[in-house]
Amino acid sequence: MRIRGRGEKGNEGEVGMKRREGGVIVSSRLGAAGCVCLRVNAFVDFLCLHIFAGGTMPVSRQATQRSNPTEVGEDFFGDNYIHNFKDNGVHTDFVGQTSDAATGTASIVVNDAGENAIVIVAGANMLLGVEELQGARPAVSRAKVLVCQLEICPQTSLRALRMAQENKVKTIFNPAPAIADLDAEFYRASDVFCCNESEAELLTGSSVANVEEAHQAGQQLLKRGCGSVIITLGPQGCVVVKAQGLTSTHVQTTACATVDTTGAGDSFIGALAFYTAHYPTMPLEEMASRANRVAAVSVQAVGTQSSYPFRRDLPAELF
């Protein structure tokens, strides 16, 4: 759950994992590029790894006040994540540490084309509940934008979206990791429902391999009660479908040399939240176009947060 102050993933599934000698996570499947698989608890050890902070920072790097209600473990990753929030100007008033679970992690495989597949171990993320959400109510009610996804308990995300709507706060929902039988209330609680092509496929049961199929999938999702739908398509840009006027628009992106697509969706959504908060009258298609350009910068570097550009690194015309 992410709050933008006033002043990118794919198919989800229970992954068969077991602990072997040496403590290595073994998954019964590794999804295709763009796929996110969810596991609530697992033991993890590494033979070789690169550690990057996760995809929660794109808006603060564009100079927006931001809070991130969350739970982390009382461990190395949790301690470092709190320090990372503080270093990047993210308020930690609603960040809790628990001894009941380890900090959530994501194991990411990136191929030579820069495409990624992710296995998430949710850990402490799933302990963010009603009590913590109520504690964050003042921040939610004062916000301009609330961004939610499914890396925490789905019902907590849904409660947060409803809380935002009650306070006339704009809501952006990213259904990742995707759930095939997503509660219908999520659609009605989303001013902007933003997903990638693999998430759209799981939610609609239809192929979303090109722009035309994205238009059709967007119309299906819109009929479920969203204010508008954005389906991101990687190098093909995105499709924006709006209830107002029943318009469907393909928004192209700029070609670039892709190094690592990890976090590109979060970069896009973070930029979208920034423009929603600071330029509320800007057409959604223009917001999406600018968010495409921000995300295009992020895929040209390795990692998630490490790849997100600061405002000073972006062209002035984006602001």
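Every residue gets a Cβ built from N, Cα and C, even glycine.
TrEMBL: automatically predicted annotations, no manual curation.
Here TrEMBL flags 71-309 as domain 'Carbohydrate kinase PfkB'.
According to TrEMBL, the substrate binding site annotation covers E151, D266. A helical conformation is recorded for D266 (substrate binding site) in the three-state DSSP classification.
Per TrEMBL, ATP binding site is recorded for N196, T232, L233, G234, P235, Q236, G237, T253, G265, D266, N292. Counted within 10 Å of its Cβ, the other Cβ atoms near P235 (ATP binding site) come to 13, all protein chains included. The DSSP secondary structure for P235 (ATP binding site) is helix.
The K(+) binding site annotation in TrEMBL covers D260, T262, S298, A301, G303, S307. D260 (K(+) binding site) falls within neither a helix nor a strand when secondary structure is assigned with DSSP, and so counts as coil. All protein chains considered, the CB of D260 (K(+) binding site) has 23 other CB atoms within 10 Å.
Look at TrEMBL and you will find D266 tagged as active site, proton acceptor. Counting every protein chain shown, the number of other Cβ atoms lying within 10 Å of the Cβ of D266 (substrate binding site) is 27.
DSSP assigns S307 (K(+) binding site) to a helix. Taking all protein chains in view, 14 other C-beta atoms sit within 10 angstroms of the C-beta of A301 (K(+) binding site). Under the three-state DSSP scheme, S298 (K(+) binding site) falls in the helix class. All protein chains considered, the CB of S307 (K(+) binding site) has 23 other CB atoms within 10 Å. Minimal Cβ crowding within 10 Å, among the binding-site residues N196, N292, is found at N292. When other Cβ atoms within 10 Å of the Cβ of G237 (ATP binding site) are tallied across all protein chains shown, the result is 21.
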